[in-house]
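Data first, discussion second: the structure below is written as structure tokens.
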Amino acid sequence: MIDQLYRKAVLTVAGQQAIENVVRARGWGMAQRFVAGETPQTAIAAVQELQQDGILANLDLLGEFIESPEQCTAFADNVLTMIDAAHAAGITPYVSIKLSSVGQGKTVGGEDLGLKNARRIIGRARQFGGFVCLDMEDHPRVDQTLAQFRTLVGEFGHGHVGTVLQSYLYRSEADRAALDDLQPNLRVVKGAYLEPETVAYPDKADVDAAYRRLVYAHMTAGNYVNVATHDERLIDDVKMFALAHGIARDAFEFQMLYGIRRDLQKSLVKDGYRVRAYIPYGRDWYPYFSRRIAETPRNAMFVIRGMLRG
Ligand SMILES: Cc1cc2nc3c(=O)[nH]c(=O)nc-3n(C[C@H](O)[C@H](O)[C@H](O)COP(=O)(O)OP(=O)(O)OC[C@H]3O[C@@H](n4cnc5c(N)ncnc54)[C@H](O)[C@@H]3O)c2cc1C
């Protein structure tokens, strides 16, 4: 409950235009701890640096609240540029997209623009043996995202497209079971948005318990799981569960965010686990940065100290 209040307070403050202006003007240096620069080249340099530690990468071009259909298509074009740049640098493209950024919910020529642009992106990634994960956004988008995921797996195969379930949503366990026939590659997260009690567990203990149930059920069903968390207790429990149930280390991977718990990422690699870092980059870093600050007071202190130092 306290976590919820903290998150709500930070996201409310961060939503104020005046705060945004100050942080945008003075906060880029601090944001760089969480964001790998503003161009595909800076992001690729981050991928190559992680590779030296045996850490895999998931590239994410930042861009939220993109409004017009033209902006959505331009954003999708930039994702294609990123995929091409990764391929040219010898990296198998693994990217995440938010369907809202590429036009989900906008009908153009009788077709959902998000679906149309997702097809272009997944098609290009597949051409290079790559993979696209459809990030999960706030709860009103879940139905459409899961329906579009189903369509896209049918067209491209589960080896080239995956999606995300959020353990804070009451519905996610039923959603997972309903997707089982696709043998889907799923990322399990706790959830990053401010959601009402009508749809999401307000207590952290319930979110964590649901997280375990989701991961264990998906592993037991024989599907690939991306265990996306920095929570060491959950990570240890998943390791134990896999060991106890004979689940191979290549049947799942741990995922963490760029700039967070690099020590843990490295030690998991050393122990023979697959680890992938989620590498956001791009000019539109403010909403992403605000969500990271809202996750833990430690990050808020990091920013406040940085601002005071000027
Ligand atoms: C790879 C990846 C992809 C994601 N994709 C999505 C998505 O598509 N949709 C979505 O809603 N959410 C997504 N998230 C965010 C997720 O929902 C959580 O908000 C976020 O991961 C924090 O939760 P946690 O599991 O790390 O656990 P928490 O209980 O929040 O944290 C556990 C511990 O991890 C450490 N920690 C956590 N966050 C931070 C931080 N920001 N800085 C420093 N330490 C931290 C702290 O030590 C904390 O005590 C993603 C997260 C990851 C790692």
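Note: Cβ is positioned from N, Cα and C throughout, glycine not excepted.
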Quick check on the annotation: TrEMBL has Met136, Gln166, Lys190, Gly191, Ala192, Thr229, His230 binding FAD, so which of Lys204, Lys239 does it put in that site too? Lys204
Winner by Cβ contact number (other Cβ atoms within 10 Å) across the binding-site residues Gln166, Thr229: Gln166
For the domain 'Proline dehydrogenase' (44-303), report the average pLDDT of the model, please. 95
Find, among the binding-site residues listed as Met136, Ala192, the one whose Cβ has the highest number of other Cβ atoms within 10 Å in the structure shown. Met136
State the three-class DSSP label for Lys98 (substrate binding site), counting H, G and I as helix, E and B as strand, and everything else as coil. coil
